[in-house]
Amino acid sequence: MNWILCLSLTLLLVVQTAWGALHTKEPLADTKYGTLRGKQIHVGKTPINVFLGVPFSKPPVGAHRFAAPEPPEPWEGIRDATTYAPVCLQESWGQVTSMYFNTHKRYKWLHFSEDCLYLNVHAPVRARGDPLQPVMIWFPGGAFLVGSASTYDGSELAAREKVVVVVLQHRLGILGFLSTGDSQARGNWALLDQIAALRWVQKNIEAFGGDPGCVTLFGQSSGAMCISGLMTSSLARGLFHRAISQSGTAVFQNFITPDPLKVAKKIAQLAGCNHNSTKILVDCLRTLSGAEVMRVSQKMRFFKLHSQEDPQKVVWFMSPVVDGVVFQDNPIVLLTQGQVAPVPYLLGVNNLEFNWLLPFIMKFPMSHLRKETIAKLLWSTSTLLNVTKEQLPLVMEEYLRDVDDHDQKMLQKHVMDLAADATFVYSTLQAAHYHHNAGFPVYLYEFEHYAPGTIVKPRTDGADHGDEIGFIFGSPFSKGHSSNKEKALSLQMMKYWANFARTGNPNGGKLPYWPRYNKDEKYLQLDLTTRVGVMLREEKMAFWKRLHQN
């Protein structure tokens, strides 16, 4: 009997010690790979445990470059998790977009490294006996070229909605997507990183108070596209239970690179690694320093307007491929066949997707426009817009027929609408349609409010690409510079997103009712005054549907 009493007292001491750690300023979390020491912060009076720079893979360097991620090495003792890890190597404009999307009170300058497969966890402090909390995993956007976990502070969302917020980062650009189309470099390294992070969450999130059986993926732009793509991948099946795509889906035509070997050879030529043997080519690229890889990336001029080049030869960005591992077929094909994860899906767009940020990054001119110059611009970007040379006159007629050639304001507006509809809006509505037809719950939105407090862009009369992010992460509270109505909108959106994470339905409490997307095509217009809309951009979407069906 004495040994039973001794064992009981020991177990009680262990539980009390672990419990106490969660309620100290230096909380501990016991993962499968070792113990982490985080820090405790307060959002108002609510304590949040924060763990930063948590490894979910071995560093993807040396022989691990252009290879699938492997689980991290276990460590002895207690690992410090109170500072951000470096972010993945990326284009120089990543600093600008990080400043643009930053949800911290103060901007965090980025530090770059190829050793970058880390995530951050923001978790509410649980009272004894509390159930495990829903988990929300954020996929940053950035045209597959930029993006970082340290840009996003999940503490406001975690505190106000009692969810565990995980923010991941993955390899980018050449390092994240290079593919030779064969076994030497199948590609999709970034998506394999994402899947590795999801597997880490399944194995370890209980140590932070998260429920591995209630995981929601949410992301923006290219991050949203990856989420949409992973919904068609058997590798990701069972690793999440709901999905949210903000301004991006795998229906976007450029999500899949059709001829990856052609792109790889162009990169290899610029790097001095060109060879008929893909093994020698890849081995050569592995010998480059990170700085050399980024110099090659700059020479590729990703996501920049190529006005003098045949658009068929332009590589807009590195992106996923059909590799037979992550994707057995193009996700568009799988979506049309209803081969998609059986989970609820919330998705939407902003009403001014191509207003300032994307033209600024692309160096797309938005002044001194004439219809003649617009025609040339559209031809230069035709592969991005998914239109042929023969279709361009039809597109010009649809969007510019009633606009005077000297009315700069209207020309600019219609060009912005054209680009947004061709890239984000039409593909989002198609994705909503496919998921609805597959028989799973769908909720559609259009966000319409300008994001306050962003220092690097001019004020607009609507929501630019990414403007919704701050409202979902509670920036009106953490950063200030917001009206009471904007704070109310942020509270509303955090509640919608968290309700969806909890139940698969954004509705609940006193929130304005959000109807499910069905054959009536109802959606929610998110603004200071929230209302239900029907058939988003009906006339223009009918035009794009006719154009792509002919």
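Glycine is no exception: its Cβ is also placed from the backbone N, Cα and C atoms.
Listed in Swiss-Prot:
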- 1-20: signal peptide (SIGNAL)
- Cys88-Cys116: disulfide bond (DISULFID)
- Ser221: active site, acyl-ester intermediate (ACT_SITE)
- Cys273-Cys284: disulfide bond (DISULFID)
- Asn276: N-linked glycosylation site (CARBOHYD)
- Glu353: active site, charge relay system (ACT_SITE)
- Asn386: N-linked glycosylation site (CARBOHYD)
- His465: active site, charge relay system (ACT_SITE)
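What Swiss-Prot annotates, mapped onto the structure for a quick look.
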residue: Cys88; record: disulfide bond; DSSP class: strand
residue: Cys116; record: disulfide bond; DSSP class: coil
residue: Ser221; record: active site, acyl-ester intermediate; DSSP class: coil
residue: Cys273; record: disulfide bond; DSSP class: coil
residue: Cys284; record: disulfide bond; DSSP class: helix
residue: Glu353; record: active site, charge relay system; DSSP class: coil
residue: Asn386; record: N-linked glycosylation site; DSSP class: coil
residue: His465; record: active site, charge relay system; DSSP class: coil
Check your understanding: If you skip the near sequence neighbours and keep only those at least six away, which residues in the chain come within under 8 angstroms of His465 (active site, charge relay system), Cβ to Cβ?
Key -> Ser221, Ser247, Asn350, Leu352, Glu353, Phe354, Asn355, Leu357, Leu358, Phe424
Check your understanding: What subset of the recorded positions Cys88, Cys116, Asn386 lies within 10 angstroms of Cys273 (disulfide bond), using C-alpha positions?
Key -> none
Exercise for review: Just give me the nearest neighbour of Cys88 (disulfide bond) among the recorded positions Asn276, Cys284, Asn386, Cα to Cα.
Suggested key: Cys284
Exercise for review: Based on Cα distances to Cys284 (disulfide bond), point out the closest of the recorded positions Cys116, Asn276, Asn386.
Suggested key: Asn276
Practice item. Give the distance between the Cα atoms of Asn276 (N-linked glycosylation site) and Cys116 (disulfide bond), rounded to the nearest whole Å. Key: 31
Point to revise | Rounded Cα separation (Å) that holds between Cys116 (disulfide bond) and Asn386 (N-linked glycosylation site) | key: 33
**Study point:** Which same-chain residues, if any, lie at least 6 apart from Asn386 (N-linked glycosylation site) yet have Cβ under 8 Å of it
**Key:** Gln253, Asn254, Ala422, Thr423, His548
